[in-house]
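Q: So TrEMBL lists these for the protein:
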- B:E44, B:E69, B:N98, B:D120: S-adenosyl-L-methionine binding site (BINDING)
- B:K124, B:D156, B:T193, B:E194, B:Y195, B:E196: substrate binding site (BINDING)
Protein chains: 2
Amino acid sequence: MRARYKPWAADLIESHPEIIIPDPENFRGRWHEVFGNDHPLHIEAGTGKGRFIIGMAKANPEVNYIGIELFDSVIVTALERVLEEPAGVPNLRLLRVNAKDLGEYFQQGEVDRLYLNFSDPWPKTRHAKRRLTHESFLKLYETVLPSEGEIHFKTDNRGLFEYSLTSISEYGMLLKDVSLDLHANEPEWNIMTEYEEKFLKKGQPIYRLEAQFQSN
Amino acid sequence: MRARYKPWAADLIESHPEIIIPDPENFRGRWHEVFGNDHPLHIEAGTGKGRFIIGMAKANPEVNYIGIELFDSVIVTALERVLEEPAGVPNLRLLRVNAKDLGEYFQQGEVDRLYLNFSDPWPKTRHAKRRLTHESFLKLYETVLPSEGEIHFKTDNRGLFEYSLTSISEYGMLLKDVSLDLHANEPEWNIMTEYEEKFLKKGQPIYRLEAQFQSN
């Protein structure tokens, strides 16, 4: 998700290192020190404006959350939303880094669950490698999740979801749960993203899956 | 699929043993003798009124087809449709048997591909065992297909398709292809079933998957 260039974004981001960690490579293997507890760690690759990850963090105080987003112009909105919270969101941090470098910031087994929400569909076949459910990304996620770690994925994009089902199966992962219209029987634990609300209002179905790596 | 009781159906069925094989257990392991060639054999469990299997047989003369349907009142319509074909449908036979007894009529590796189309969804959880993609049925199909044999499955029923994706994955099968709206880009090889046309006209998406057994 890109947004208009915001020249003030970099300054605001740098003035809040307690939320957007400026040197995340230094915490590889010791994120529990940042949070000051041993709660499980769930991350979202492609956090966008942060609605999902902030909602999850508020709803689940016994879990630590990290949202990862590359673009200043987008992550700054997530930051502003955290700052608007009167009591803050103590179990949430943000990283302004590229999801393809996850392995630099987390060690094997350090991330208990990975969320992917409304990732860029990259519809052209020649761009398939950029889809966040491409084999190369699944391989990357496997390096930071524990054995039998889970990925939870939501999208409105039919083509991306079709691709993801086969890519995940081909990788040898187990499909634990699939919904082809999440809001037909919306689970009470569901937290909507910005895109999700937008597409829901248009009457488009939201697709969701949970998949698990298999230990060999 | 059940239809109104047709007292004349049994007579018509019995008078066409060249199409509806009366003693299929006698041909276990030697269906190629019935067809008089060594073409691959594809079967459909739950053939209903036969539109799909007749269409496939006419479109693919180099493949042999067997449609399986339990109910006289339904299979008789498939029979009538075959009889209406001026040149007949030489590469098609019908069996009036229960799909759960497949193993009595086919030996391991004898069926090259299995089609499941618009099977009864059995939506209640306590009836899950009756769904044709339940683990017990997958185990059955594995006894008649070769290693790496394929199942091709279509349905309009979202709940059944969601269930089938996880059931098939859980069984250790590989998802080769998934479509969540078959008619959005309908492949030229697609042959519609009666249900498919009906639901398509209502604007409902048709779900389809291809899954493959994995050799260990």
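In case you wondered, yes, glycine gets a Cβ from its N, Cα and C as well.
Could you tell me the structural context for the features on the list?
A: Around the Cβ of B:D120 (S-adenosyl-L-methionine binding site), the same chain contributes B:G46, B:R130, B:R131, B:L132, each under 8 angstroms and 6 or more positions distant in sequence. In the three-state DSSP scheme, B:D120 (S-adenosyl-L-methionine binding site) is classed as coil.
According to DSSP, B:E194 (substrate binding site) is assigned to a helical segment.
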Q: Taking the Cβ of B:T193 (substrate binding site) as reference, which residues of that chain separated by at least 6 in sequence fall under 8 Å from it?
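A: Result: B:G48, B:R51, B:F52, B:N117, B:F118, B:K154.
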Q: Give me the Cα-Cα distance between B:E196 (substrate binding site) and B:N98 (S-adenosyl-L-methionine binding site), rounded to a whole Å.
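A: Answer for this pair: 23 Å between alpha carbons.
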Q: Comparing the binding-site residues B:E44, B:E69, B:D156, B:E194, which residue's C-beta has the most other C-beta atoms within 10 angstroms in this structure?
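A: Answer by Cβ density within 10 Å: B:E69.
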Q: If I take the alpha carbons of B:K124 (substrate binding site) and B:N98 (S-adenosyl-L-methionine binding site), what is the distance between them in whole Å?
A: 21
Q: If one looks at the chain holding B:Y195 (substrate binding site), which residues at least 6 apart in sequence have a CB under 8 angstroms from its CB?
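A: Residues satisfying the criterion: B:G48, B:N117, B:F118, B:D156.
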Q: Provide the three-state secondary structure of B:E69 (S-adenosyl-L-methionine binding site) computed with DSSP.
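A: For B:E69 (S-adenosyl-L-methionine binding site) - judged by DSSP and reduced to three states - the answer is coil.
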